[in-house]
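Features as listed in TrEMBL:
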BINDING   HIS213, HIS321  substrate binding site
BINDING   ASP233, ASP244, GLU444  divalent metal cation 1 binding site
COMPBIAS  1-33  compositional bias 'Polar residues'
COMPBIAS  38-51  compositional bias 'Acidic residues'
COMPBIAS  66-80  compositional bias 'Basic residues'
DOMAIN    145-357  domain 'Peptidase M24'
Amino acid sequence: MSAVSPEQDTASVHPNGNNTASKTNGAPATDGTTGELEPGDSDEDDADEGHEEPHGGANGEGTGAAKKKKKRKPRKKKKAGVSGATGGGAKAQTAPPRIPVAQLFPNDTYPVGEEVEYKDDNAFRTTSEEKRHLDRMNQDFLTDYRQAAEVHKQVRQYAQKAIKPGMTLTEIAELIEDGTRHLTGHMGLEEGDNLIAGVAFPTGLNLNHIAAHYSPNAGNKTVLKQEDVMKVDIGVHVNGRIVDSAFTMAFEPQYDNLLTAVREATNTGLREAGIDARLGEIGAAIQETMESYECEINGTTYPIKSIRNLNGHTIANYSIHGGSAGKSVPIVKGGGNERMEEGETYAIETFGSTGKGYVRDDLETSHYAKIADAPKVALRVASAKTLLRSIEKNFGTLPFCRRYLDRLGHDKYLLGLNNLVQSGVVQDYPPLVDVKGSYTAQFEHTILLRPNVKEIISRGDDY
């Protein structure tokens, strides 16, 4: 979910609640794989491999006759992902995804993200026993994040296959959000359930010149067309540990350069990010990569511009934009000298456009969030009081949308919702758009600046 530059207001959200997601034991793999066996393999095969029977008798018979070796089948390679699970768990994910990932990964052995060693002045962190010890102390934090990341990857990879022109945006949003709820094991219908784990913010489905914060409200009939460029921004959380990652879909090859420019700009940001990295320098590197591309659309060649008033951002527990102390990661040069620090979590996201490279508020609002440090005010609209209690119990400071209120059974709530916004208790997030007729793209990953290594937690085989 994108952050807007200081030129526009942004909401902050913070931890809420003491609920914890259920866990299934153990420690994560260290090589990015699940360590699972394919059907037909066994642990005994692995243990036996390389151990032959002795040629001499071990029982004192001393015959000197060699024992006949047992013939074994070749050992199959272990696959990453959810091809199989040991311990009686489900063998594979369903389509659509409905099996909680905790059942697919016994002992909480969720795949590790892409780990990148620190360089230069921070190279010592890789081998520092002190830093490794600090990292081991964060095991629960890492397990929550890796579980959320695995849900994200499975849901989005199914969505990438299932989404086709002709589907409505409502169908696409529900496909993604239903998958997230099932895979976290929290459907969010009971009070407080969504605060344990589930959807971290409304699914962004932003078409063409719409860059961010658009999700269909009830009754929306918008249909995805063959010629559309759609940004898909998905949030998953476990115990408030938010994975924020986005990709762009297009069905016509004329948009390939636009998508490549933004994907590579995001990869540049990921490469430059790290402990002590200056945020302004990251922005300059992103812009240089982004604007080295151009694309031809319908016979016209367009330079690709970084959208200068959209940024990456820190993420804190239950806080998509890092709270009042949050930092922004620019995607153009000219940022300040503020640095990234050990222990921080960032959403590195970039946006490219064939338009002006600047967004403004427009269209009907769908995204909202309770403001963490909102003042206590007297609410004179009765429906506002009832709605606020429901927001606090079901979403806390996590962003929500109107469809989520509909799903909880609220009706005729718009007057109360608008009163909460006007009273400064809830922040609204209108869609952010470039000029009509332009095309925008987005790619985004979540990174953890661990004491001894940088982990791109949301990295997958897809992007």
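Glycine too: its Cβ is placed from the backbone N, Cα and C atoms.
Counting every protein chain shown, the number of other Cβ atoms lying within 10 Å of the Cβ of ASP233 (divalent metal cation 1 binding site) is 27. Around the Cβ of GLU444 (divalent metal cation 1 binding site), the same chain contributes ASP233, ASP244, SER245, ALA246, PHE247, THR266, GLY312, ALA347, ILE348, GLU349, THR350, each under 8 angstroms and 6 or more positions distant in sequence. Averaged over the domain 'Peptidase M24' (145-357), the predicted model reaches a pLDDT of 97. Neighbours of the divalent metal cation 1 site: apart from ASP233, ASP244, GLU444, residues of the same chain with C-beta atoms within 8 angstroms of the site's C-beta centroid are MET1, SER2, GLY204, ILE234, GLY235, SER245, ALA246, ALA347, GLU349, GLN442, THR446.
Listed in sequence order, MET1, SER2, GLY204, ASN206, SER366, HIS367, TYR429, PRO430, PRO431, LEU432 are the same-chain residues at least 6 apart in sequence whose CB falls under 8 Å from the CB of HIS213 (substrate binding site).
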